[in-house]
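Listed features, source TrEMBL:
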type: COMPBIAS; residues: 95-105; note: compositional bias 'Polar residues'
type: DOMAIN; residues: 134-197; note: domain 'Chitin synthase N-terminal'
type: REGION; residues: 1-55; note: region 'Disordered'
type: REGION; residues: 90-111; note: region 'Disordered'
type: TRANSMEM; residues: 517-536; note: transmembrane segment
type: TRANSMEM; residues: 557-580; note: transmembrane segment
type: TRANSMEM; residues: 592-614; note: transmembrane segment
type: TRANSMEM; residues: 626-647; note: transmembrane segment
type: TRANSMEM; residues: 669-692; note: transmembrane segment
type: TRANSMEM; residues: 798-821; note: transmembrane segment
type: TRANSMEM; residues: 841-864; note: transmembrane segment
Amino acid sequence: MDPRFDHGQSRSSENIGRPLRMPAIPDPNHPPQLSPPQLYPSASQPSLYDDFSRTRTSLFEHNDQDYDYDAEAQLGGDYREQPYQEHPQDIPLLSRNSSQPQYFEQHQDDPDIRRTATPLGPEAPFATTRGGTADGHLVYDCPVPPKLLRNIPHAQAPARDEFTHMRYTAATCDPADFVAENFTLRPQLFTQRRRTELFIVVTMYNEDDVLFARTMTGVFKNIEYMCSLKGRHKGLWDENGWKKIVVCIVVDGRSKLDARTRAVMTALGVYQHGVAVQQVNKNDVTAHIYEYTTKVGIEVRKGIVETKPGIGPSVQMIFCLKEKNQKKINSHRWALQAFGGALQPNICVLLDAGTRPGNQSIYQLWRAFELNKNCGGACGEIKAMLGKGKGWEKLLNPIIAAQNFEYKMSNILDKPMESAFGFISVLPGAFSAYRFTALQNDAKGKGPLEKYFDGEKHHLDAGIFTKNMYLAEDRILCFELVAKRKSSWVLTYVCSASGETDVPEEMPELIKQRRRWLNGSFFAAVYALVHFYQIFRSSHSMVRKIMFMIEFLYQTISMIFAWFAVGNFFLVFRILVSALGDDSLLGKTGDVLSVIIEWIYLASLVACFVLSLGNTPDGSRRFYMTMVYSWGLIMLYLLFASVFITIKSVESEVHQKAFTWTQLFSNELFFTLIVSLLSTYILWIFISIVFFDPWHILTSTVQYLLLSPTYINVINVYAFCNTHDVTWGTKGDDKPEKLKGATVTNGQADTEPTFDDGNLNALYDTALEKFATEAEPEVKKKNTSEEELNYNRAFRTYVVLAWMFSNAALVAIVLNAGGLQRLKVATQTTVGDEESGTVKVYLFVVLWSVAGLSAFKFVGAMWYKIHRIFVR
């Protein structure tokens, strides 16, 4: 008798190969009678996930034969999941064939596969699997390369486990129908279904191997850390904690997958070339789903990806390769609707490929949900990647330094302030987490996910406002989550969690990125403010609702200032520069300089509009860089004017007899300038020290100040002048290579991919060689679309005209220009006095408003910091 079986149960031959019986876990979405699909097409082949008693099975064929596999210790006492094998006498899993391997013959024309046939001889072992289910689905269970198995713990042949085989499923459905059509995932199929506590989703487009490996390195480090937390969180995390974590990688289009990244996937064991099919029963495959539990470590050294089999934690991986490019929202549909619906995780973490989470950051995000049962979403700090290791060499690039300062101040002032109110306007899609139950729609199908996924269909037939709004779809999700009917979810910022990401290093790339960010955030903010009343349909307390209303008021004021940013900047510039012409300051020299600088200003502004309306950033790199230098020169002169006027004001008051500090602050111009400076620069320094993160003040402040006019007059202008462009700026429409089809009849598939050890190893070696050296520079392809451009350009025209005329009207009113002075019957002296009075009022309102908004953010950030001290 075989000790691996529970002989208290009958093992009749008719039970072999029947659909797996799921554990008795109540699930309202599934009828109790539904059986998951067979993994093999006929009764002559074994069921992969049968119920086995725990046993000890030898793993390796070491020379000393001293390595035994303790299944109970490895799998845990709570999981009876030793799968993958029947009695060895039931059917041999290895057969012998003296013919040339069919696998090599079928794919000998593929350029990505090594064209070297290994002469294996008549004793070459083969393992052939076919897959079909009673529902007509195609599922393969494919052996992984022996070279990979040689270095990792695994079951000894003929036994199988999740380390010896990769599972492939050809999905032919929409993500919303994945569960309804009885598609399954590996964690569901163990005798006792594994509970998924943490579902980590990595979305990809065409990122290279280094960017992908950078993200996976951070993910693996977090899993390793959580597996080391013994005795904490009521035993949830221990050495078997990896069984509660699933990592899902979703690639947006088969033709988009980078060849080197595909090679890294092969090295991890989660991908095999030549397995996928394009049709099943004449139904088009929508996604290719590969599943494998990898035990291959990964890291990046000197720009080269290195894999380390057998080192690091075990990681349950799902690799979803979408057949077509359908944008990021569709990738999230596969992750959240399809796979989330099947696994029912507790917490979902969303990452973009290229973002490297800190070694404990994912754990810190998860912990935020444990500490607050009302936490529906959380995010960490997004950091600009400044160099290799702890180096800051990238700060030598002023564009990167300016973004570093911008990111830091946002994470020190804005995010903590919003977190104190309970509503963060945006949880970055590059690094954020959500409670899965909070995302779910209500019984009528209305809720956060419904509104979020509306963005996919809106890309096809919606108006231009909605299309722009869904450029920032994560903002829509945040608002819908907080305003969810009859719920009281809040959003939290976790300063102890961080993720590093590459930022644009050249101005054209920065302009294109910010165009999408600015347009999306502006229209999404309008949507949230217009629908503020939905907050009152939620179950939040009245105090919380009042806090939300205060935050919405703050966001409304901020949005008004953003709309008038161009006009406000010109007015402050005009007032300060003109003041230098006073006899007590620079006199005639100041007048001459002010005229020259004003002409440079106006010429640069006009050039920005012309370039934005007729040229792309990539096609006008030199022009745009000229604009950057021009605005930097203007800002330098403006800073000089501010400091010089302040110093001269102090000197003038001090030289007077009977000088007092009260008298100094009674000088309106001096007092207004001092308040403005204190509310910005001094506040930046103080709050950065409070958060123990002051280094950006020393390394990036000057670059940010010099580039701030570029943000206002170049990037803002380009964004508003291109509201008709609702693309992400990177999408193409390449067609993938055509694959074979398959037919499943009566639970049997007609396709038969055949694998032999020699060719599996050859393909594995080819994959390792693919990313063993640095990649050659990428040649970018241009792709444009002319559909709906007429309507979109008309919308662009209306927005730009409204924006330009409103800012021009503001300037005319404040400066009493544009013929407004002729409408008043007064002497020249009276007109001049009125203009001076209008300017003073304007400066008072604007600069004190800036101070008030800064103080508001400061109070919110300080409250957040104090709160964290007491809840840690």
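Glycine is no exception: its Cβ is also placed from the backbone N, Cα and C atoms.
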Maximum Cβ pairs under 8 Å to the transmembrane segment (557-580) - stretch from the list 517-536, 592-614, 626-647, 841-864: 626-647
Between the transmembrane segment (517-536) and the transmembrane segment (592-614), are there three or more CB pairs that fall under 8 A, provided the residues in each pair are separated by 6 or more in sequence? no
Report the mean pLDDT of the predicted model across the domain 'Chitin synthase N-terminal' (134-197), rounded to a whole number. 86
List the helix, strand and coil residue totals of the domain 'Chitin synthase N-terminal' (134-197) as derived from DSSP. 10 helix, 13 strand, 41 coil
